[in-house]
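According to Swiss-Prot, the protein has these features:
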type	residues	note
TRANSMEM	2-22	transmembrane segment
DOMAIN	8-138	domain 'EamA 1'
TRANSMEM	34-54	transmembrane segment
TRANSMEM	74-94	transmembrane segment
TRANSMEM	96-116	transmembrane segment
TRANSMEM	122-142	transmembrane segment
TRANSMEM	147-167	transmembrane segment
DOMAIN	151-279	domain 'EamA 2'
TRANSMEM	179-199	transmembrane segment
TRANSMEM	209-229	transmembrane segment
TRANSMEM	236-256	transmembrane segment
TRANSMEM	259-279	transmembrane segment
Amino acid sequence: MVLDLLKSGVLLAVLASFTFSVMNALVKEASATLPAAEIVFFRSAIGTLLIYLLMRQAGVALSRQGVPMLLVRGVMGALYLVCYFYAIAHIPLADASILAHMSPFFVILFSALFLGERIPRAVYWLLLVVVLGALMIVKPFSYSSYSVYAVVGLLSAVFAAGASVAIRQLSARHHTYEIVFYFLAVATLVAIPLMWSDFVVPATLREWGLLLAIGVVSLLGQVFLTRAFSHESATIVAVTRYIGIVFNAGWGWLFWSEVPDALTIAGGVLIVVACIALSRTKKG
């Protein structure tokens, strides 16, 4: 019965979203004493080791072709992690999650700019709705430090979209494990100079435990997500993943008493509805 359930793409997408929300909560807790770039380093280094072991077990070798695009995907993914973890450390989990889930908006823009894909006229209105929702969350007209952190969260969606476009170019020729390996290995290297001046030696078993848990849980989420895409259409998986916003909001309320304000809730609804519509439009 369990094996049958794990063949459900929708259930796997929900499990992936839940697992990543747990990772986000662990990141927020760790960020109380450790810099975001350092958390990215340990998350990526642990993940690199684990995915390498999976590659060995599956007999997946590193390619000699397509390396530049693999590196581009790695850099985009690394910058996504840095921005996302930084946002998680400074703004409510729900807010950071909503902003990161704007990546379909940027995927469409990048696909038009770099892949020459045509944007249907109806999509322009949906893009405007996404922008309006983002403005309601970032609140640029009531400038504060929150707005700066929210912009960083928005950048995480930009870099996630860049990584997604690169994956579309890579997935036909490269094994998923290899793509993930390059992502994590490059993220490890990118994090080193970013954390160099602010590095804090983890001083307690609790801090080491959090870092280890982040690395393991994040890779588990990646496995669930990869399997979800193999059992269900990309559109359905992408739409299902928006439940992650609910999970993140739940952790934020439960552990940090975070309650989104009315503008954030309204903006989040606009973004989710518009991005789901964008996903369905793109499929058609």
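Including glycine, each Cβ sits where the backbone N, Cα and C put it.
Under 8 Å from some Cβ of the transmembrane segment (96-116) lie the Cβ atoms of residues 21, 24, 84, 87-88, 123, 127, 130-131, 134, 137-138, 150, 153-154, 156-158, 160-162, 164-165, 168, 238, 241-242, 244-245, 248-249, 264, 267-268, 271-272, 274-275, 278-279, 282, all in the same chain and six or more residues away from its ends. Residues 27, 60, 78, 81-82, 85-86, 88-89, 177, 180-181, 184-185, 187-188, 190-192, 194-195, 198-200, 202, 207, 211-212, 214-216, 218-219, 222 of the same chain lie 6 or more positions beyond the ends of the transmembrane segment (34-54) yet place their CB under 8 Å from a CB of it. Note on the domain 'EamA 1' (8-138): mean pLDDT across this stretch is 90.
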